Structures are given as C-alpha cells and as structure tokens.
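So the structure is just underneath, and the comments pick up after that.
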C-alpha cells in the first residue's frame, strides 16, 4: 500500500488554500460588477421611460464624460437636440431647463457604462498579471470584456436610429441593447457561481440541468419581449387584467400585413405575446418546483426551485400592477429590476447543476 508523501500533501493543501483566497477575491470583484450592471440596466430603463434616450445626439466616448458646465455649453447641447425629429415633432416647446432633465438621465447612463468598463478591465488586468485567474477563466473573462466594448457600439447604433427620421429609437435595436446587457450579466453570474462552493446534493432528475437551461433561456426571451413592449409603448395598449379590453384574445392582433409583422410592430400583439410569455414562465417554474420537491426534497436544488418560482410569481404580480396603473415610472423600473433578478437567479440555478470549478493542485500544475 502506497504511503502518502507529507510534503506533496502539504503542497496540494497550500495550493488549494491559495486558490480559495483567489476565488474569494474574484467573486467579490464579479459581484461588484453585477451590482454595477444592475444599476446600469435600471438607469437605462429610466432613460427609456422618461423619453431621455435621444437627448445626447453625439457619441464621444472620451470627451462625453464631461457634461455642459456653462450656460453657453448648455445652449449648444440643446441646439444639437433641436435638430432631431423628436424635438421638432414632439418637444418643440421644451426649454433649456426642461432639456436638462432628460439630458442627465442619458448622461448618467453613459457614464455608468464607461465606469463599468473600467471596473471590469483594470481588475481583470491586475488579477491576470498576478496569476490569480485560473487558466480556464482567462479567455471567458476577456470575452465578456469584448462584449462590453461591443455593447457600447450597439448603444450608439440604437440611439442613431432615432436621430434622422424616427421620433424614438428602433424597438429592435433597443431589444438588442438590453439582451446584450443581459448576456454580459449572465456571463459574470455564471463565472461567479462557478467560483462559489456547491453542495453535493444529487439533482432531482436527469432532465434537471436541461430544464434549468430552458427556464433561463426563456427568461431572457421574456426580457426581449419586454424590451419590444417598452420600445413600442405597448404597456399602454391594454391596461386591464386578466382580460384584454374584455376579451381573452382580442380581435385586433393581426391587423397589420404581412401577419407576422404584428409580433414585432403591433403594440397590442406584442403585449399579448409578453403576457403569454409570462404565463409560460410561471408554468415552467411551477413544474420545476414540483419535480424538485417530489424527487429531492430538502436539497439545495429544491430550495433554489422554490426561490425561483417565488421570484417569478412576485415578478408577475409586479407586472400586473404596473399594467393596471398604466406604467408609472417607479413601477416600470421595479418590473425591469425584477426581470433582471429573475434572470440572474435562473442563470445561477442553471450553473448550480454543474458544480464548482475543479481545484487545480500543485501536482496538476507541475504536470
């Protein structure tokens, strides 16, 4: 029988302890990034709900950090806004002081986005150079950084859609912008969850991992639909529940031609699909919870299933309240915040079925 080498065991234990310290630091960093992303999405939602997204008509990644500081600079910024259709057709009586109200939302949104780039890139460089990032995670983290850079271009691409002909931004580009933000959020959540300790509880069923993936992906699809609702102001189409102006299925869902375009450009149809999506997500998480509680009660997987169903139920209630109150700003933002919480937890739940990233040992490193 082989006798363990105390020196080798000590080296392995030392390596694991060091890796655990590094993982705690990475989790703290990614958690802070997730919090910043959450704030960014909320400010972006407020920018949309207050119709502030077109208040800054130029893309100046570096110079744009500094807002107007004098009356003359404010007049110049306002003059640029006066050139676009939104001002000419909708806001032609707006004053400079009123313009400042919408300007600050868009400026804050862009400033936070730039700040997130810094708080992601600089720690990433530091952790990389000091050898604290495991090899398996280096390029995925670089990929998230690249998505962040791409998101900046997508944001301007979205804004530019409302500067020449339209009086608002394209709902397609708005949805793309929000989905990309969610993908960046999901990437950070996935890695942070993989760096966290996991229980050894068995999965409730063979299909649990696939079902968790389905829920997470469908939650993202529901967010995409929500972005279309916001982009088309579809939240004002039907402000009754559970019926839609007295009908389960309204008669004016397919009034545009070709018929399929209604799913993207008819506000009433988009709201209807978003409602159906909410019912579907509710059903998926209910089934998931029932399976988990029956097959593996008292496990961490069952507890996650209960929490996920509870979050979706709460989000549905917030959505209904927002609808009935005709989308007041604070309720609209609460609904958007709830969507990101549901999606983030769905990603963490999905990642939970894969277990913690394996620890590298001193022997493996030498090999």
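Every residue gets a Cβ built from N, Cα and C, even glycine.
Listed in sequence order, 222, 225, 226, 228, 229, 234 are the same-chain residues at least 6 apart in sequence whose CB falls under 8 Å from the CB of residue 274 (heme binding site). Per Swiss-Prot, heme binding site is recorded for 274, 335.
Positions annotated as transmembrane segment by Swiss-Prot: 25-45 (among others).
Listed as Cβ neighbours of the transmembrane segment (111-131) (distance under 8 Å, sequence separation of 6 or more from its ends, same chain) are residues 22, 25-26, 29, 32-33, 36-37, 39-40, 43, 61, 65, 138, 141-142, 144-145, 148-149, 151-152, 155. Among the features that Swiss-Prot reports, transmembrane segment is placed at 111-131 (among others).
Taken from Swiss-Prot, the feature transmembrane segment applies to 139-159 (among others). Beyond the transmembrane segment (139-159), the same-chain residues lying 6 or more positions past its ends with a Cβ under 8 Å from any Cβ of the stretch are 53-54, 56-57, 59, 61, 110, 113, 116-117, 120-121, 124, 133, 169-170, 173-174, 176-177, 180-181, 183-184, 187-188, 191.
Marked as transmembrane segment by Swiss-Prot: 174-194 (among others).
For the transmembrane segment (210-230), the residues of the chain that approach it from at least six positions outside its boundaries are 45, 48-49, 171, 174-175, 177-179, 182-183, 186, 264, 267, 270-271, 273-274, 277-278, 280-281, 284-285, 287-288, 291, 308, 335-336, 339-340, 342-343, 346-347, 349-350, 352-353, judged by C-beta separation under 8 angstroms. For 210-230 (among others), the entry in Swiss-Prot reads transmembrane segment.
Sequence annotations record features per position, and here Swiss-Prot assigns transmembrane segment to 276-296 (among others).
Within the chain carrying the transmembrane segment (305-325), a Cβ under 8 angstroms from the stretch's Cβ atoms is held by residues 204, 215, 235, 238-241, 278, 281-282, 285-286, 288-289, 291-293, 331-332, 334-335, 338-339, 341-342, 345-346, 349, all 6 or more beyond its ends. Sequence annotations record features per position, and here Swiss-Prot assigns transmembrane segment to 305-325 (among others).
Swiss-Prot lists 327-347 (among others) with the feature transmembrane segment, giving sequence analysis as the kind of evidence.
Of the recorded ranges 25-45, 276-296, 327-347, the transmembrane segment (174-194) has the largest number of C-beta contacts under 8 angstroms with 25-45.
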